[in-house]
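Below is one structure, written out as structure tokens, with a few remarks after it.
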Amino acid sequence: MSKQFILAIDQGTTSSRAIIFDKKGNIKKIAQKEFTQIYPKSGWVEHDPMEIWASQSSIVREALEYARVSPRDIAAIGITNQRETTVVWDKNTGQPVYNAIVWQCRRTSHICDEINKNEDLKKYIRKNTGLIVDAYFSATKIKWILDNVDGAREKAEKGDLLFGTIDTWLIWNLTKGEVHATDFSNASRTMLFNINTLEWDKKILEYLDIPVSMLPEVRSSSGDFGHTHPSTLGGARIPIAGVAGDQQSALFGHCCFEEGMAKNTYGTGCFALMNVGDKPVFSDAGLLTTIAWAEDGKPTYALEGSVFIAGAVIQWIRDGLGLVRSAEDSEYYATKIDSTDGVYLVPAFVGLGTPYWDMYARGTIVGITRDTRREHIIRAALEAIAYQAKDVLDCMKEDTGLDWAGLRVDGGAVQNNFLMQFQSDILQSEISKPKINEITGLGAVFLAGLAVGFWKDKEELKTILTTEKTFEPKKDPETVAHDYKGWKKAVQRSMAWAE
């Protein structure tokens, strides 16, 4: 057996995963391990970087062992990761100076408020990074660590500290410190990377007082990120050849290679991306402009809409409210009634993303009457996921003038047929669910496989992806418009709540 497999390292917000694929895209083995979510204060979210590395390395070894695959049988590794989450570590010891500050964390909202008072800087950041100023992105998280961790700024100015998003942290550990690099897609989510010049932006770095020496080298998403150190994976030196942030990786996994193709991923958050080609398109409707991936140093751009809370609202009604015993139960209860009877749940637990960008919005349930039951709340939670996706996808149509012949979907929540049908109804569009649900991991191995010749070209990749189920709209446009109007009203109730 020689080089018959390719490995995806899929490091997510709540779990570390390893997926072994064969050349036909079949999954040989998936291994997964959850890790600790740390909430030091209201609105703060952290992870332990050492626990992330320990969980990810152990789960890779477990996947290989259970699949009876030798590390030497792996042609390459593709890495995909939760984006924006920020790690700062000492390059001499390899030890983090603080916990990883997670993308969901709102602790730097006050820094963003100060930036937003500077209209010229705010516009500069929008035009050159493609992002809006928000605590979501890495830039202000790095500044917070440098300003609040004892000795961090002094060490950084001496050149002793390194920054990385999770991909960079994993690459550093896999290579035992030989490679400090990221890819274009992850770099474009830091609010420090100029997507026009394709370099770290000196003006933003200077304003935030972040030394450029901390930042990783930016490389093509499909290409050379070094090899695993023999001590990390059973003595083998496996090429790390594909890297992309989770949402961009999913776009690649869906084979959305042409301009105008779009996908929506339903995970902890909800993320829609549309391929807009080889030149950035800037949004008038609150969408982010981002780099989807880069090959041979040439980027493909995308528009993205980010919803902070999607699948996490189902976790909340299960764990927080105890309304269901499992996520799967939500579909059962939602289909026991014909509608929510005017109940809307807006899951703005950590603010609202696209197109509202309100850091101070908070969750709300409206329309409750004496007749409201468990089923109405559960159904409203599921519908909220679809409504938020519609908010984003409508903006994409508006900004690009492009429509799509259907939408490609993936993520844990696509197993919920009620949600997918409701999504098709309110979009008045076809929804396609692929047979392979591990699209994010597939995108990472597609990028890695192209780099090492495991697959020859994108046309071959398209033959691997097949559709399992298609959802067609069943509701009439008038009903959809009425229900969506109620959603927009509910969103207004949730906004500008926190201080």
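The backbone N, Cα and C atoms fix where each Cβ goes, and this holds for glycine too.
Taken verbatim from Swiss-Prot:
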{"type": "BINDING", "residues": "T13, R17, T268, G311, G412, N416", "note": "ADP binding site"}
{"type": "BINDING", "residues": "T13, R83, E84, Y136, D246", "note": "sn-glycerol 3-phosphate binding site"}
{"type": "BINDING", "residues": "T13, T14, S15, T268, G311, Q315, G412", "note": "ATP binding site"}
{"type": "BINDING", "residues": "R83, E84, Y136, D246, Q247", "note": "glycerol binding site"}
Lowest local Cβ density among R17, R83, which the record lists as binding-site residues, within 10 Å: R17
Which same-chain residues, if any, lie at least 6 apart from Q247 (glycerol binding site) yet have Cβ under 8 Å of it: R83, T265, F271, L273, E304, T440
For G412 (ADP binding site), nearby residues of its own chain (Cβ under 8 Å, 6 or more apart in sequence): Y266, G267, G311, A327
Those binding-site residues, out of T13, T14, S15, Q315, N416, that come within 10 angstroms of E84 (sn-glycerol 3-phosphate binding site) at the Cα: none
Cα-Cα distance, maximum over T13, T14, S15, T268, G311, Q315, G412, record's ATP binders, Å: 14
Fewest other Cβ within 10 angstroms of its own Cβ, chosen from the binding-site residues T13, T14, T268, Q315, N416: Q315
Intrachain C-beta neighbours of S15 (ATP binding site), sequence separation six or more, cut-off 8 angstroms: Q32, K33, E34, F35, S55
Long-range Cβ environment of Y136 (sn-glycerol 3-phosphate binding site), under 8 Å and at least 6 residues apart: E84, W103, Q104, S306, F308, G353
Neighbour tally for E84 (sn-glycerol 3-phosphate binding site), based on other Cβ positions within 10 Å of its Cβ: 26
Secondary-structure category, per DSSP, in which G412 (ADP binding site) falls: helix
Alpha-carbon spacing, N416 (ADP binding site) to D246 (sn-glycerol 3-phosphate binding site), which is rounded to whole Å: 21
